[in-house]
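Structure, as structure tokens:
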Amino acid sequence: MNRLTIASFTCICLMSLVACSKPSDSKKPSAEKRPSNVISTQVKMGALPHEINAVGHAEALQTVEVRPQITAQIAQIHFKEGDQVNAGQLLFTLDADKAKSQASRSLALTEKSKAEYAEAVRNLKRTEELAEAGFVSQSAVDTARAKMGSLQAQVAAAKADESANAVELAYTQIKAPITGRTGTVSLKRGSLAQANSSTPLVVISQTNPIQISFNINQSDLPAVLAAQNQGPIKVSSQLPNGELRTGELLFLDNTVDKASGTLLAKAKFANQDQQLWPGLSSSVTIKLAEQKGLVVPLQAVQTGPEQRFVYVIDHNQQVKVQPITLIRSQNDLALIEGVAEGTRIVKEGGQNLRPGDKVAEASKASAVQGSK
């Protein structure tokens with residue numbers, strides 16, 4: 001092989017190497033983002049049940065502290081702690097010896113004053129007859145009349161004293177002012193009960209009917225007031241044994257608590273079986289009239305940094321943010337404003353979406369998997 005041939009071969013090889021090492025002018029197209037799997041739904045007109053759910057505590061409908069009105073020794077206790085008692089039932093008997101003695105004495109004084117007064121009336125009549133005949137002066141008549149008036153006042157005072165002592169004697173028998181359940185008895189038989197003591201002998205709590213106190217949100221107040229104008233509001237409560245008992249709204253406080261934005265409410269329930277006990281917690285539900293409007297699944301409502309919104313799906317299968325107003329929610333439904341009826345929105349799978357993303361309808365399992 002001559003020198004020219006070798007040189008030509010070498011040149012060809014070098015050109016081939018340069019050609020192989022030259023970058024390609026054509027670039028591969030970038031992979032397009034796949035549509036996100038979602039489940040969609042349409043905004044519909046509907047009615048949303050309005051329920052108020054809260055947890056409250058049972059309370060006695062009324063509580064009375066029983067105190068002695070006189071100071072005397074406790075002679076007898078006619079009930080046991082924790083007994084159910086009826087209004088007018090005898091609870092305590094206090095030592096009545098002193099009160100009986102005073103009552104007897106005042107009765108005797110009343111009878112004595114009555115007799116003296118009757119004699120004064122007769123004496124005045126005789127004196128007036130003698131004065132008419134000219135046997136006594138007018139001053140004698142005036143004296144007799146004054147004495148009669150004095151004795152008449154004594155009779156009135158004696159009767160008042162008699163009544164006061166009769167009341168004091170009645171105070172030796174302490175009766176239940178209301179029907180209810182008794183609590184702890186503070187003094188035992190033989191102890192000295194002090195009149196108007198700061199410590200009651202016993203406290204009676206009326207538990208049938210009983211009331212449950214709970215709080216409602218201020219946003220529910222207009223609906224509750226509107227329902228009250230239609231008649232009594234029914235309230236249901238779940239008892240510890242699982243029974244659902246129906247009562248009636250009894251009370252709404254006149255002030256909303258500024259800190260919590262809630263209002264105190266009370267409902268009254270029949271409690272013959274004593275299933276509701278003071279202090280026991282219990283769930284309550286108030287069912288109000290349904291509210292009509294645009295209804296969507298609650299999970300379709302997204303929460304942004306400044307407002308709530310839904311993802312609207314356009315004809316190109318792309319999503320955009322549509323701000324809405326959430327009026328209220330109940331269970332898994334939401335009543336909203338800000339979007340037209342019939343609009344197609346994302347129900348499930350919207351957690352990782354961004355405005356402009358494309359979506360594809362998928363099964364529920366696929367949408368849930370795609371949102372993770």
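Cβ atoms here come from the backbone N, Cα and C positions, even for glycine.
Per TrEMBL, the listed range annotated as coiled coil is 110-161 (candidates: 58-109, 110-161).
As stated in TrEMBL, the feature region 'Disordered' covers range 350-372 out of the listed 28-50, 350-372.
For the domain 'Multidrug resistance protein MdtA-like alpha-helical hairpin' (111-172), DSSP puts the residue distribution at 56 helix, 0 strand, 6 coil. In terms of DSSP secondary structure, the domain 'Multidrug resistance protein MdtA-like beta-barrel' (209-289) contains 11 helix, 41 strand, 29 coil.
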